[in-house]
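Chemist: Next up is a structure, given as structure tokens.
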């Protein structure tokens, strides 16, 4: 957790009794003083989904204005500035290119593996060898799941799950460890292929977003941690600000590759993932997604000649309904509203139950790696059994001769699966279940086929995928949320379409599309980006107005019940995400009161003894320390009268000073050239060092370090009387890691810093733990 | 201008000599101290386009944490909070509804007025009565222009021009006066109808954006200034933050109404207009545009039955090319690149020349109102003459029998105008010129008509609209930039299409669309929003990848020459717009140095004498004053040792205190209830008062005012050693009006505030005037 939290946790137990006392409901909060001392803010010890997150640092998005940075910046030539800009564009290009290529590879692999698997099964079924078919189908799926799960459990735990919440947290300033490494990338790619080919109820969309971000991060830092390229010009990107920008591009490219939606990708990153946004970033991100689209288009052209094995029209063009004439009149507003409301209600129910299932899973997953693996395999087994056996419940239906499409089909894809039926008949449930998820979506979206599915089959399909959608997401393979939600949503959309019958002018396939959109909005709570993604997916602009209506209604309904699914997962994972807007009750609390509830600030002198630095680094987990200069002691006083805040020094930089043995034998200021000789800003970008690795001799312990040149001389400060709401606006808008609190009235000899605020301190749940009366006032209000 | 500028201008003359001395190119900037005293920052006395902007205030987006605000906020009940949220949505709905209705009205009026005018002219030409036709055409156009110009010149000068730059400035925090009033709205509507019907080279798109913002602003404040509704719940919106949000909705609705592009409208506001953005705003804005689309669609359905006079398919559906099959292969990348490059070059040339023309016009316009009117009329006369006479230069062309469309047409709209030709022939230049601009765009975009236009006709069309586009924009009528640029761009696009001949697979009409897109990107420098607007306009998703490429290339090329057209106009108008990113050289300057270059801060005591307040208000133009509390004078000292910064008080609130005669006979602190009895926050939202209107008797002059409860107790502060770059990030991200500079080391008795930064102080051009050596270092770099 960030900075002070571990420290806080230790001291929390001491105050538990007092906490309990003050939470007494009898005590009237109105008569209590606002200011409560001796209370500590606790971190949020919530259950973690999947991987154990041990130590999450915050990112430094603030410009660290210390002497070295200033000197380095001034010495940059015009050519270097140009190199830097050129490189940014080159990286954006590479991110798009590689994401496009990897998306192509995943699509090819999935379509071929799943395709040959299904072909063999269909073959066996045609020969009525049902049991062998079942064994083959289930066995293949279990093997594929095992590959994915073993990789995720043993080699890269962070590759499990969708990854989007962690990316969202990263762009908010939370650095989840091992999130963007090379092993994560490789496991994610292979695991995603395995899991999707295994027919599990999950998509490759979420993983592709994570893959895009991994590529971006690896490119930005010049390769994986251990084999990093040390190219000179890459050093410009060795800072959190530029990494943030590249990862934003990567996220957009991933969404673009998943849905072939370049504008939707940019907007998804903007609306859902990114916390800070600049218009220059908009442009560069757009460039990345344009590259992805070009790559995908090239690949489709190449594959259209049949060079890609079983890859036909599958995989990429998910559901093109551009040839459908959309007609609707004013009365169609009623079913559209109903879809929106259902989407909102079901979406929030889905969020609610998914929360429960994930909490349950985290208990199972904590028991060990084998448990994780078996959990995944059980879900895969259940999925396979249902997919194979349920179609036998459906009756065979005669092919409609008026439809031009082939019926029945025996191939891998196609709209009217023969399954166990005689020639001239098809099994509508097998069409939906015994196929890849992408094909299932395409089949349920199919237009101009009003009598293809029976109500019963669609109800079974809907119920099955509700169950699978809840129980598949938490297993230890790369999972995506988009496809399960689209499947559930399209099922009830099409059901409603059938129920409306001739009362509506809208095609059943479009009802399915609207249902999918409504459930996405009801669960993920996005509007503009979803609208554009659906626009680009369905390739039909005439759908726009009704899609907008459905999305707005579903989001409104959903928001009145619970937060979005990503926010729920973020909270489950215990990631200290900082919301955009302060809670209203934060206006009733000043940062001074907040600082009083924390342990006192650990400050260092401008020229500090080595022993004190080592002591401080060993005994605290703080990542930033204010530097306070003490003036001389005037005659007649015992303490220095004038203390002044010089700045803030980061733990990493203190460690660098110790590691480089940059010690002085006497208490004096260093010269500029001395600093520059020892440090350049490549050193200062290094963050990996630990205090345990630094050896300092007893002799050196009595020496001094001049911390002035290493400190950020201009940290952002707020006065202690400022409300938490206002401080939070500053913290989040500017993207800070530490915010110093200065006293309103400076008494002689008093410290010029009364507290430090970090991300954890500004989170609503943490403040409410320390100030429970605010929660009460919140309810009263 | 903001705050200190007028004050600065006064003192600037005193320092001119010194300035001149220091601008001496011989003096070596390296040996000069960074800190230069006795220099002042000047405001930017640039020429103003159109209206004279006398006094521009900044907006208060910061939460003003004073006692009254806090008390009022705490007393709000849950019902009131709900009312507030409900009202926000209701306003978003009303903004969309009214914008949609007014857009409908404008379209109906324009199509009918221009339609009957053109029908009569066509009728006269068919009878070969060319001179009377000319007189009628020119006369009608001049009368329509006169109506528009007289209204704009005499009744609402701010209604002239597009309004988008001022909206952009407003959302950045610059309150241009009279921009969003009722008279502006009415003049804009009527003026826009007149100017567009007169066939001038301008569109209704820009004005519609301004109209949307006016509606939003008027709704938000409950009506026009003089007849404002005093509904209780509307008081919640009487603050700059909520007005900003509503106006953003209005802007999006306006763009949506102009192009029938709901997503494009939202993105336009996001990418081009808005400075701050929240995801809640994204959603509400999206709702507004959805309402606009529904209104427009209803209106089209009603008009499709022929109830709307001459309004046929014109006006709204600008260029639907959804039925065109777009085919392109890899080699088509070459013409697409060429279009992009031409767009970038021409776009920046257009910006360059428009700047020159506007500077020239501002000299003419300053001569008086009659001059403005005559300028407008001359342009209208020139336009009419060209539109009527140039088609005579074109040869009549035989109708192509293979084309199903009616040829020749004599009606108002249609693709093959007969004009002076015999039956069976058409005049291609008349098709482009003697029609409404909307129809001209539709005609030049027309697809599957490869041989319709000759190169010569298109060249004449291109040249004419280049000239008209430059000379029409600055006249005193409501003008839009979109349509002139689309016309120019489509002309060269189609020319390139003809030149490519059979080497390309892309239709000439699509070339025209791409040309229009490229010139928009080359001049306005938007990417994502333009892409989506063109997507929604052309209704063809297959165009997306090449549109993206064209836009990216055009913007890149354009950016290497000059800034976007909106930035140029903002600078011409002298609006103190604050850019998103600080200039690199701003890292070399500290805010302390900046403060030293300004006159000393005028501070007030916590309990201040009335005479001093009156004196300060009369003799300065500052809008914010720091409140400094002075402690008691300790024994042995002559001045108080402990001075502390209490906060910042706004000029408007000082005036309120004087107006309400809130005086104390002795120097004492007031009680809470005393304050609440006199003030509520509705009073504090009032900003209109002037010091000249306040009468204070001689007796009262000796009394005191306790300023503590009125002051914002928690202004944002920075330490004097912070770089300007970093302070600017804070200023712009948080949306400040005043930023206080506090000393790094507080000496006994020294002021706790060393300066105040305002918007003007942080503008690059102003800083460079005071620190010319930075400009040199900028060049060296």
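FYI, residue positions are counted from 1 along the chain as it appears here.
Including glycine, each Cβ sits where the backbone N, Cα and C put it.
Positions annotated as compositional bias 'Basic and acidic residues' by TrEMBL: A:1-13. If you look up TrEMBL, you'll see A:711-776 marked as domain 'CBS'. What TrEMBL lists as region 'Disordered' is A:1-30. Taken from TrEMBL, the feature transmembrane segment applies to A:91-110, A:131-156, A:179-200, A:333-353, A:373-394, A:458-488, A:509-535, A:541-558.
Map these features onto the structure and tell me what's around them.
Modeler: Using a Cβ-Cβ cut-off under 8 Å and counting only residues 6 or more beyond its ends in the same chain, the transmembrane segment (A:91-110) has close neighbours at 189, 192-193, 196-197, 204, 208, 211-212, 215-216, 219-220, 237, 246, 249-250, 253-254, 256-258, 284-285, 287-296, 299, 303, 308-309, 311, 314-316, 436.
Long-range Cβ contacts of the transmembrane segment (A:333-353) within its own chain (Cβ-Cβ under 8 Å, at least 6 residues beyond either end) map to 466, 469-470, 485, 488-489, 492-493, 496, 500, 503-504, 506, 511, 514-515, 517-525, 546, 549-558, 560-565, 568.
Within the chain carrying the transmembrane segment (A:458-488), a Cβ under 8 angstroms from the stretch's Cβ atoms is held by residues 49-50, 145, 148-149, 152-153, 157, 159-164, 187-188, 191-192, 194-195, 200-208, 210, 258, 346-347, 350, 353-354, 357-358, 361-362, 365, 372-373, 375-376, 379, 382-383, 386, 390, 393-394, 429, 432-433, 437-438, 440-441, 444, 494-495, 498, 516, 519-520, 523-524, 565, all 6 or more beyond its ends.
Packing against the transmembrane segment (A:509-535) from elsewhere in the chain are residues 255, 259, 261, 263-265, 267-268, 270-272, 319, 321, 324, 326, 335-336, 339-340, 342-348, 350-351, 441, 444-449, 481-482, 485-494, 496-497, 500, 541, 543-544, 546-548, 550-555, 557-559, 563-566: each is 6 or more residues past its ends and has a CB under 8 Å from a CB in it.
Long-range contacts of the transmembrane segment (A:541-558) within its own chain (CB-CB distance under 8 A, at least 6 residues past either end) are made by residues 321, 326, 328, 332-333, 336-337, 339-341, 343-345, 347-348, 351, 506, 510, 513-514, 517-519, 521-523, 525-527, 530-531, 534-535, 564.
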Chemist: In terms of Cβ proximity under 8 Å, which residues at least six beyond the ends of the transmembrane segment (A:179-200) contact it?
Modeler: 102, 105-106, 109-110, 113-114, 117, 140-142, 144-145, 147-149, 151-152, 155-156, 158-160, 163, 166-167, 170, 207-208, 210-211, 213-218, 223-225, 247, 379-380, 383-384, 387, 436-437, 468, 472, 475, 477-479
Chemist: What does DSSP give as the helix, strand and coil breakdown of the domain 'CBS' (A:711-776)?
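Modeler: Each residue of the domain 'CBS' (A:711-776) counted once, the result is 26 helix, 12 strand, 28 coil.
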